[in-house]
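A short write-up of the structure that comes next.
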Amino acid sequence: MSENLSGAPEGDGSYDATARIIDPGGDAEDRRFDAALRPRRLADIAGQPRVKDQLSLVLEAARRRGVPPDHMLMSGPPGLGKTTLAMIIAAELEVPIRITSGPAIQHAGDLAAILSSLAEGEVLFVDEIHRMARPAEEMLYLAMEDFRVDVIVGKGPGATAIPLELPPFTVVGATTRSGLLPAPLRDRFGFTAHLDYYPASDLAQILTRNTVLLDVDSTRQGIEEISGRSRGTPRIANRLLRRVRDYAQVHGEGVVDLSAARAALELFDVDARGLDRLDRAVLEALCRRFDGGPVGLSTLAVAVGEEPDTVETVSEPYLVREGYMVRTPRGRAASMMAWEHLGLVAPPGTPGQQLPLGDGPGRFNQ
Ligand SMILES: Nc1ncnc2c1ncn2[C@@H]1O[C@H](COP(=O)(O)OP(=O)(O)O)[C@@H](O)[C@H]1O
Ligand SMILES: [Mg+2]
């Protein structure tokens, strides 16, 4: 049961065929390439310098003390390297890793079975840990704290709980929604790595390494074009690289260069700023249907035909970070940049607008 989980889809792959090209949740093809391209050691990781420093300190200290390190939580949007880091943690500690995920643990018994079979020092990776069933969650945080699990023997009134001591181990959790973790569980993690979107220069570094691994010829402009339009996400950068390579092989000399990159990205609906179809659908709905907002998340999600969770974890963090969207107490609103990006005229009071002096407060900042 804990086997199929490394492949559990993240995010919602059901948008549509074109959008999936850039959906940062992984599909089957990604997983194949992910395995080939995934950095194995901390030193192979590009970017995230802070997380790297923090992680290497925690790991080195544990190594010197000769004990398993604290439990660790990897938090951030899909495709930024949470699973990769979990595997690297085990590799750096030179211990086996057991992989499972929140949705796979439907019953506390499922978790008890995994916990009671852990060897000393092993890493237990729980992907999408915010989606675990409540009783399992409670069992997990008790196990994390006391290295003990209560195994229930028998059924009904005669059932008894037999406490079982566990050898020390390390839980590595991954979540796109750390806010959804109950406080007692969140508090059991001694270290949280907050992964952020990558600057284009880091993505270029990742892509350059991967062209070598994939044995693909490329030019610097080709790589830069892809990395500037990958929404700050290594998984998207890798996927776009494969599509540009396809394009170059079919229409060109097989070299990932500027013209192949531009043509392929246009074919797959990635716009000049790297926004994908879902991102643009969200902005279009905000501006055209809701006159710039503010509008509630669920209303917005219905308007683009997506799950609120997908809009919130996949599209929104990037749009907010890049300044296209703002979150207000009354909902999501389009900023000046969104209107400009869509080539529309913003109504007065739009966030980010240069107001002439003496103008009253706008709709959003009163
Ligand atoms: N810092 C990084 N350096 C190089 N490649 C990375 C990095 N982070 C992620 N990747 C690549 O992106 C892909 C997706 O990463 P993954 O760890 O599966 O993301 P997440 O679990 O956060 O969704 C992996 O195949 C890996 O090759
Ligand atoms: Mg993952």
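Glycine is no exception: its Cβ is also placed from the backbone N, Cα and C atoms.
Binding of ATP is annotated in TrEMBL for L37, R38, G79, K82, T83, T84, E145, D146, F147, Y198, R235; the matching candidate from R134, R188, R245 at the same site is R188.
A coil conformation is recorded for F147 (ATP binding site) in the three-state DSSP classification, outside any helix or strand. A Cβ distance below 6 Å to any atom of ligand 2 is met, among the binding-site residues L37, G79, T83, Y198, by T83. Checking the binding-site residues E145, F147, Y198, R327, R332 for a CB within less than 6 Å of any atom of ligand 1 leaves no residue at all. Our reading of the ATP binding annotation (L37, R38, G79, K82, T83, T84, E145, D146, F147, R188, Y198, R235) yields a largest Cα to Cα distance of 37 angstrom. If you count neighbouring Cβ atoms within 10 Å for each of the binding-site residues F147, Y198, the highest count belongs to Y198. Sorting each residue of the region 'Small ATPAse domain (RuvB-S)' (199-269) by its DSSP state yields 51 helix, 4 strand, 16 coil.
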